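Everything on this sheet refers to the single structure shown next.
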Amino acid sequence: MATTKKAWKLQDFMAHGADVKCLGLGHKSGRVLVTGGDDRKVNLWSVGKPHSIMSLTGHTTSIESVRFGHDEELVVAGSQSGALKIWDLEAAKILRTLTGHKAGIKSLDFHPYGNFAASGSMDCNVKLWDIRRKGCIFTYKSTLSSASALRKAAKEKEEEIASIPKKIWEKEAAYCRIGKGILTVKFWELESFQCVSTSDADKHAIKSLHFHPEGSCLYSACGDTLKVFGWEPLVCHDVVSVQWTDIADMAIANSQLIAASFNKTNVTTFVVDLNKIAPTGVASKSENARACLTSASGRRSFITERPHTSCTSQVNEPKRSDTPPDKGDNDDDGATSRADIQNQDDYQRLFKENARNQQPGHTNHSSHHLHTHSQSNLLAMDE
């Protein structure tokens, strides 16, 4: 019998030998997970399975931030020392080691259409990196004036730092505004970059935001609830009670929202059936939902379509660094960095086959089967 629940816990597993410090879901497939820990390892997982696919080593301090590339072929990991390492998952090897930050990395992102990455650090700097040149091409000072001020209000300010790189690429259409315990979601018109609506302050901290791929709504994870927002006019389509707290990332796979959190050495994953919540669910046909969905669709191009331009044209009058690309490493030079494949079957299926399917002219015959098979497995675990 199929489950009637809207949301449930999928899995709880031990991800590292020391405390987990960060995680990221693959936003293209929603089926892969990367974690970083105090054990200085970066581990990769298939969502729904308890065994690591691959373990990446080479950092000499704890891992503070991790992120998949947009095609899930690369992973970047930032350490407490400020070093970044970029890994080629198909080749299972270190691709680049980048240095220049003087403190821990709190956020990372890849440029959607180029060989560039961005990082936000506790040293109050945001850096843009050219992966090919192996160095920093721009440095931005954050709005936080000093490292001492940053560290005095670390819990509030870390989230502000963490929002910066993605804004550089996308001029993000929604973000959390952080005050003294008050968090709201703001929606922005991307042509004029004017705020068009602001949600009421939530009593719980907003930990993660994720747009529906079609731009129909925004999912907001706060406390033990998932809120679904539409905008122009601003409306909360649905509020779903869940078993989670402090969700670190969300992704969508088929008609399911996958969410992940971490606590001590463990990672917990959750599933929300989007067919059963508004505005995308079949049961949500109210006039209000339809009106907001139409309005959101009018903005769809600003959310899901990005201009094919270089990173330098997507930021406000950046100044090229006067210094040459940062060389060296606060950790090692890559010689001792290793990728230990621990599950050959999942590695071949998720990374080798995925890379082949990305090649021009290749027809992905297994894609539909993979999504259908994975979805049935997730639902079956709650039956």
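Glycine is no exception: its Cβ is also placed from the backbone N, Cα and C atoms.
According to TrEMBL, the protein has these features:
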- 317-328: compositional bias 'Basic and acidic residues' (COMPBIAS)
- 346-355: compositional bias 'Basic and acidic residues' (COMPBIAS)
- 373-383: compositional bias 'Low complexity' (COMPBIAS)
- 305-383: region 'Disordered' (REGION)
- 13-55: repeat 'WD' (REPEAT)
- 56-97: repeat 'WD' (REPEAT)
- 98-139: repeat 'WD' (REPEAT)
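The average pLDDT computed for the repeat 'WD' (98-139) is 87. Using a Cβ-Cβ cut-off under 8 Å and counting only residues 6 or more beyond its ends in the same chain, the repeat 'WD' (56-97) has close neighbours at 18, 21-29, 32, 34-44, 103-110, 112, 117, 119, 121, 123, 129, 131, 134, 162, 329-334, 336-341, 347, 350-352, 354-355, 358. In the compositional bias 'Basic and acidic residues' (346-355), helix, strand and coil residues by DSSP number 10 helix, 0 strand, 0 coil. Residues 61-68, 70-72, 75, 77, 79, 85, 87, 89, 92, 210, 248-254, 256, 258, 260, 262-267, 269, 339-343, 346-347, 350-351, 354, 370-371, 374, 377-378, 381 of the same chain sit 6 or more residues outside the repeat 'WD' (13-55) yet have a Cβ under 8 Å from a Cβ within it. Per DSSP, the repeat 'WD' (98-139) is made up of 0 helix, 24 strand, 18 coil.
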